[in-house]
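Asks: Below is a structure I'd like to ask you about.
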């Protein structure tokens, strides 16, 4: 193989490897890059605040994650308190965020996906039935978790948590591998999008009458703050 061909092959492999390496949040090139949310400059993430003006409060939030959240107002019986770069500017470029999830008895964090993050969840109190579904052909991996147990939801896959106990709440703590993991709640996205997806499309996809789709689209699809 000619030297030029070898060089081109090496460059191509390096580009492929580098693309795979930065498929999620990019690694920081300095100790920190505190988000300057007031900057008019638009970048993928946030512009760095002047390091000379950074202070300890940029890395701190009195989040009161030890305090139980209200789950009674939620139709799905859960309340998610997310700490990402929007609440904690010091997370910018660090590729991590955190969430406390409170579940009412028989409450759930409904099927959803994080397009930019893997999630690792640990149960602090109670019992949870959790799982995720793979890409086609859609195999379910599910487990009942008790206090102290840990479960991982791979990036981008649909997953859920459900409290199967009728008389006791549950609490979990989740870490996510992005400063801004994003969330797509499946039912909300399918039946609650604005403007709505055509009922012809959804009736065909779900193999039901259009009237059923119209009824589902007429419901209030709430956000439990994830």
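Cβ atoms are placed via backbone N, Cα and C, with glycine included.
Marked as signal peptide by TrEMBL: 1-23. For 33-48, the entry in TrEMBL reads disulfide bond. Residues or ranges marked as domain 'Cupin type-1' in TrEMBL: 71-214. The oxalate binding site feature in TrEMBL is assigned to 109, 114, 119. The feature Mn(2+) binding site is assigned by TrEMBL to 112, 114, 119, 159.
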Asks: Please report how many Å separate the Cα atom of residue 159 (Mn(2+) binding site) from that of residue 48 (disulfide bond), as a whole number.
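Replies: If we compare the Cα positions of residue 159 (Mn(2+) binding site) and residue 48 (disulfide bond), the gap is 33 Å.
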Asks: Taking the Cβ of each of the binding-site residues and counting other Cβ atoms inside 10 Å, which one has the highest number: 112, 114, 159?
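Replies: Ranked by Cβ atoms within 10 Å, first place goes to 114.
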Asks: Take the C-alpha atoms of residue 114 (oxalate binding site) and residue 33 (disulfide bond) and report the distance between them in angstrom, rounded.
Replies: 23
Asks: Specify the nearest of the binding-site residues 109, 112, 119 to residue 33 (disulfide bond), where nearness means the distance between Cα atoms.
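Replies: That would be 119, nearest by Cα distance.
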Asks: Tell me the residue counts in helix, strand and coil for the domain 'Cupin type-1' (71-214), as DSSP assigns them.
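Replies: The breakdown for the domain 'Cupin type-1' (71-214) reads 22 helix, 56 strand, 66 coil.
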Asks: Kindly state the mean pLDDT of the domain 'Cupin type-1' (71-214) in the predicted structure.
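Replies: When the pLDDT values over the domain 'Cupin type-1' (71-214) are averaged, the result is 97.
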Asks: To test your reading of the Mn(2+) site: which residues beyond 112, 114, 119, 159, same chain only, put their Cβ within 8 Å of the Cβ centroid of those residues?
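Replies: For the Mn(2+) site, the extra neighbours are 113, 117, 132, 153, 157, 158, 176, 181, 183.
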Asks: Could you tell me the C-alpha distance between residue 112 (Mn(2+) binding site) and residue 48 (disulfide bond) in angstrom, no decimals?
Replies: 31
Asks: What residue among the disulfide-bonded residues 33, 48 has the most other CB atoms lying within 10 A of its CB?
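Replies: Answer by Cβ density within 10 Å: 33.
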Asks: For residue 119 (oxalate binding site), list the number of other Cβ atoms lying within 10 Å of its Cβ atom.
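Replies: Residue 119 (oxalate binding site): 22 neighbouring Cβ atoms within 10 Å.
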